[in-house]
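Reviewing the structure listed below.
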Amino acid sequence: MEDQETLRNNLLDSLDQIIEQSQSSFGWKQFLQAILVSLASLFDGQQTFISVYTDAVPSWHCSTATTSSSSSSCTTSSSICDLPSSDWSWDAISSHTIISDWDLQCSSSFIRGIPASSYFLGGVVGGFLLGTLADSSLGRKKLLLISSITMSLASFLTIFSPNIWVYSAVRFVSGFGRSSISTCVLVLLMEKVGRKWRPRLGIMQFFFFTLGFLSLPLIAYVNRDNSWRALYLCTSIPAILYCILLQFFVTESPRWLYMHGFVEEAIAILEKSSAPNYPSELKLLLVSTGMPSEGVEETSKTNNHPYKSMKDLFAKRWAMKRTLTVMVLGFGIGMVYYGMPLGVGNLGFNIYLIVMFNALLEIPSYPITCIILERWSRKYSVLAFCLVSGICGILCAIVGNGQKGIRIGLELASFFCSRTAWNLISMFTVELFPTCVRNSATSLLRQSYVLSAVFSSILVSVGSNNGFLSYGVFGLAIFFSGFFVACLPDTRGGTLCDTMEEQEGKEKMILG
């Protein structure tokens with residue numbers, strides 16, 4: 001048994017070497033695969049922030065008849081909950097958002113925040129139940145397909161919601177489905193290429209998520225005179241059609257295929273995407289290692305339990321330490337990243353412009369992330385961006401509404417730093433864990449993001465009258481979580497490992 005494990009580890013080393021060599025260049029086939037995989041993140045970004053528009057409290061005005069009447073108490077500073085319904089009207093149609101459609105304007109902030117919280121809570125539950133399946137029985141591609149179908153169909157069914165309770169339930173299902181999209185996309189992108197292209201390709205997942213975020217202001221503005229249901233229709237139909245492309249044109253991760261005994265399929269995928277002079281060398285892989293594919297398939301059977309990867313993460317001390325550390329970091333970063341855009345309506349600025357500014361600000365974070373990953377330490381870079389984001393968030397809460405320009409500038413700066421920290425820790429996590437648990441570890445990081453979004457969406461509603469309960473808490477969370485990065489080793493310039501034993505051996509060599 002020991003000899004078989006040694007042979008298997010030797011073969012994994014050979015596979016890693018072949019991937020590094022054959023995928024050192026980047027051709028149009030790989031680029032097309034990367035585009036098709038990354039498109040899932042575009043639709044994920046749309047559904048994540050769509051509630052900024054569909055769940056917003058619309059603007060209103062005093063009715064003409066009442067403004068000309070001296071007995072009317074309606075003014076722009078009045079609370080519509082204290083006014084007769086005949087004294088005021090919505091600026092847009094009554095079905096513009098769920099608030100005006102279902103007369104929720106006088107409901108508690110908790111009730112109004114339930115749909116957004118349900119969506120993110122669905123992401124937390126789905127992440128724990130589905131995340132490990134990408135490491136075990138389903139693989140990266142199948143889980144990505146299932147998640148995309150669930151999210152897009154649930155988004156389409158949202159159109160038929162008759163009240164806030166059904167709406168929240170369907171949003172929960174949508175969040176449950178999308179829970180594994182970002183992790184599957186990121187891992188699938190980074191496992192298909194060598195070390196040189198890993199940071200550049202991994203950043204595509206974040207870029208396409210931003211494109212989805214950025215498309216929302218445009219879609220919302222075009223539908224500004226329509227019902228909130230039109231937004232879900234415009235975003236769900238393309239997502240459903242995308243699932244067809246995903247099924248027929250996206251290939252599985254060769255690393256995952258090999259780890260589960262599908263050696264010939266793994267090599268076939270590498271042959272199709274490798275440079276012209278490498279296919280013949282790939283075919284020598286099994287011969288040179290002296291171990292047939294049947295042996296790999298036999299040893300991989302023990303890895304097919306759906307939750308074995310999750311158990312492995314907490315069975316070994318070093319893995320548990322890294323997992324808990326990245327989850328704490330993810331929670332703090334997610335508080336700002338989700339909380340800032342969800343709370344922009346409280347800043348008293350044009351909601352279309354401020355959301356667009358936040359989305360546009362994500363774009364420069366991507367080349368900055370690539371430069372940092374190629375030149376500087378992951379650890380200290382994450383710490384620096386967390387500290388700056390936290391300070392800006394706290395100042396945003398302290399600055400009064402009278403200094404709107406400064407407050408918006410601080411919000412944008414805090415959001416930008418959180419986005420960059422998000423990029424860095426996400427790709428850092430992929431490098432910290434081996435193939436056998438990589439998707440599970442990345443999924444747990446993702447769940448910490450989403451769990452923070454559950455709390456931040458509630459704090460946004462509660463903090464509508466007290467800025468420190470929203471922006472102040474967001475800033476404190478990311479500031480103090482940043483210090484936990486000191487518990488992680490730096491991975492700059494390293495290769496990806498495939499088994500827990502290989503990862504442990506690599507760490508011992510570095511320390512020894």
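Note that Cβ sites are derived from N, Cα and C of the backbone, with glycine treated the same way.
TrEMBL lists 33-493 with the feature domain 'Major facilitator superfamily (MFS) profile'.
Counting residues 6+ beyond its ends, the transmembrane segment (116-134) has Cβ neighbours under 8 Å at 47-48, 51, 55, 140, 143-144, 146-147, 168-169, 171-180, 183-184, 187, 256, 306-310, 338, 342, 439-440, 442-444, 446-447, 450-451, 453-454, 457-458 in the same chain. The annotation transmembrane segment is assigned in TrEMBL to 116-134 (among others).
Sequence-distant neighbours of the transmembrane segment (143-166) (same chain, 6+ residues past either end, Cβ-Cβ under 8 Å): 37, 40, 43-44, 47, 98, 102, 104, 111, 114-115, 126, 130, 133-134, 173-174, 176-181, 184-185, 188, 229, 232-233, 235-237, 239-240, 242-243, 246-247, 250. Here TrEMBL flags 143-166 (among others) as transmembrane segment.
Long-range neighbours of the transmembrane segment (201-222) within the same chain, counting only residues 6 or more positions beyond its ends whose Cβ lies under 8 Å from a Cβ of the stretch, are 26, 34-35, 38-46, 48-50, 52-53, 182, 185-186, 189-190, 192-193, 231, 234-235, 341, 352-353, 355-356, 358-360, 362-363, 365-366, 369-370, 419, 422-423, 426-427, 430. Marked as transmembrane segment by TrEMBL: 201-222 (among others).
Annotation comment: TrEMBL describes 228-250 (among others) as transmembrane segment.
Summarising the annotation, TrEMBL assigns transmembrane segment to 319-339 (among others). For the transmembrane segment (319-339), same-chain residues at least 6 beyond its ends with a Cβ under 8 Å from one of its own Cβ atoms are 48, 120, 312-313, 382, 386, 389-390, 393, 414-415, 417-419, 421-422, 425, 428-429, 432-433, 437, 441, 444-453, 455-457, 459-460, 470-471, 473-475, 477-482, 484-485, 487-488, 500.
Tertiary proximity for the transmembrane segment (351-373) is limited to same-chain residues at least six positions away from its ends with a CB under 8 Å from its CB atoms, namely 49, 52-53, 56, 199-200, 203, 206-207, 210, 213-214, 216-217, 220-221, 340-341, 344-345, 381, 408, 412, 415-416, 419-420, 423-424, 427, 492. The annotation transmembrane segment is assigned in TrEMBL to 351-373 (among others).
Look at TrEMBL and you will find 380-400 (among others) tagged as transmembrane segment. Within the chain, the transmembrane segment (380-400) has long-range Cβ neighbours (under 8 A, six or more residues past its boundaries) at 329, 332-333, 336, 340, 372, 406-407, 410-411, 413-418, 420-421, 424-425, 428, 467-468, 470-472, 474-483, 485-486.
What TrEMBL lists as transmembrane segment is 468-488 (among others).
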